[in-house]
Amino acid sequence: MTNRSILAASGRTSSGRTASGRPASGRNVELIVFAVLVAGLTVAPLMVYPILLMKVLCFALFACAFNLLIGYGGLLSFGHAMFFGFAAYVSGYTIKAWGFPTELGILAGAAVAAVLGLVAGSIAIRRQGIYFAMVTLALAQMVFFFCLQAPFTGGEDGIQAIPRRPIFGVIDISRDIVLFYVVLAIFAAGFLIIWRTIHSPFGQVLKAIRENEARAISLGYAVDRFKLMAFVLSATLSGLAGATKAVVFQLASLTDVTWQMSGEVVLMTLVGGMGTVFGPIVGAAVIVVMQNTFTGFGEWVLVAQGCIFVLTVLLFRRGIVGEIVALAQRRRGDEDAAPPPVAELADKQPPSDRGGVRASAAAGPSEASAPVSS
């Protein structure tokens, strides 16, 4: 496919702006914000319990992986816990029973999650909307009962006392403070993979499928293949998060593979801001800190989570980060939101296409918005 087809599918213009006229310079801002975030996290263990920080990072990566699927692909999965939890079991078992090094155990969990994602995705993408969500939920329940009955998972007890072997045989992760920086590096790598995917041509086509699948098909894109690739990548990174969590807590249990875990990652993404880069990180931090703070209230934590979910859906549909971005855009005024002048578009077009651009502008807004055929 040509670059013009990608632009047409994603709603972007050749001037580097989106269809709404907003410049595409936000990538640098996102990288700066991420660099500041990582810099702040490097000193955070001096003030916050490292185990809590590592839990936030694991769930933040899980939520970011889920957001890649729902926020940018428009695919709602109610079964992402099967990748998160099953990878934890694989990682824990290979490290404890087979004597794998910690790094290989984590990679094994992510690899198995990728294979599971390929199988589940191949089945689920045959359906759309609520049917897609129900298929993922059904598959996740099958994985849950497998983990409950399989002999190597330990049943309701799970896999306990997973050893923390040195990373690469050199880095001693028996101390929480050292393990924290390893988890931070894993989170940063996973986040950057997602960020690069979002801003790649693949990511632009994925957004186009979310906005108008029929148009993407008409432009010649293999929509099911793009969906499957996004599903597998999301499953792999979810598995990476689950495998890392198993090492942090030295435990892989049924809690990680239940449907409630799938619901939690949906809640984290919605609270932080679906379809935003940093929203899942904020949402994961809010939910994990809330659970840790009110852990003494037992089951009432679930009631609080339900209330947060309802309030988010009713009052803050964009999520925390989404509302902040929307407020910043409103303050920026109508000038930045205005589409670029037609003359600017004409200058960016090849000489053979300029006449078509001017003719489209003269024909009126409805005709000018139609994609130019290559």
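Quick reminder: no glycine exception, Cβ is built from N, Cα and C everywhere.
Look at TrEMBL and you will find 8-22 (among others) tagged as compositional bias 'Low complexity'.
The compositional bias 'Low complexity' annotation in TrEMBL covers 359-374 (among others).
Per TrEMBL, region 'Disordered' is recorded for 1-23 (among others).
Taken from TrEMBL, the feature region 'Disordered' applies to 331-374 (among others).
Feature annotation from TrEMBL assigns transmembrane segment to 31-49 (among others). Under 8 Å from some Cβ of the transmembrane segment (31-49) lie the Cβ atoms of residues 57, 176-177, 180-181, 184, 188, 191-192, 195, 278, 281, all in the same chain and six or more residues away from its ends.
For the transmembrane segment (106-125), same-chain residues at least 6 beyond its ends with a Cβ under 8 Å from one of its own Cβ atoms are 75, 77, 79, 82-84, 86-91, 94, 100, 132, 135-136, 139, 143, 186, 224, 227-228, 231-232, 234-240, 242-244, 246-247. Per TrEMBL, the feature transmembrane segment maps to 106-125 (among others).
Per TrEMBL, transmembrane segment is recorded for 131-152 (among others).
Under 8 Å from some Cβ of the transmembrane segment (173-195) lie the Cβ atoms of residues 30-31, 34, 38, 41-42, 45, 50-51, 53-54, 57-58, 60-61, 64-65, 67-68, 102, 106, 164-167, 233, 237, 240-241, 244, 247-248, 277, 281, all in the same chain and six or more residues away from its ends. The transmembrane segment annotation in TrEMBL covers 173-195 (among others).
Here TrEMBL flags 228-253 (among others) as transmembrane segment. Sequence-distant contacts of the transmembrane segment (228-253) (same chain, at least 6 residues past either end, Cβ-Cβ under 8 Å): 51, 54-55, 58-59, 61-62, 64-66, 68-69, 72-73, 75, 77, 80, 83-93, 95, 102, 105-114, 116-118, 120-122, 124-125, 153, 157-164, 173, 179, 183, 186, 190, 193-194, 197, 202, 206.
Among the features that TrEMBL reports, transmembrane segment is placed at 265-291 (among others). Among residues of the same chain six or more beyond the transmembrane segment (265-291), those with a C-beta under 8 A of the stretch's C-beta atoms are 30, 33-34, 37, 52, 55-56, 59-60, 62-64, 66-67, 70-72, 76, 78, 80-81, 84, 191, 195, 198, 301, 304-305, 308-309, 312-313, 318-323, 325.
Sequence-remote contacts of a segment are chain residues at least 6 beyond its ends whose Cβ falls under 8 Å from one of its Cβ atoms, and for the transmembrane segment (297-316) they are 264, 267, 270-271, 287, 290-291, 322-323. The annotation transmembrane segment is assigned in TrEMBL to 297-316 (among others).
Residues of the same chain lying 6 or more positions beyond the ends of the transmembrane segment (131-152) and with a Cβ under 8 Å from any Cβ of it are 75-82, 85-86, 89, 93, 97, 116, 120, 123-125, 254, 257-259, 262.
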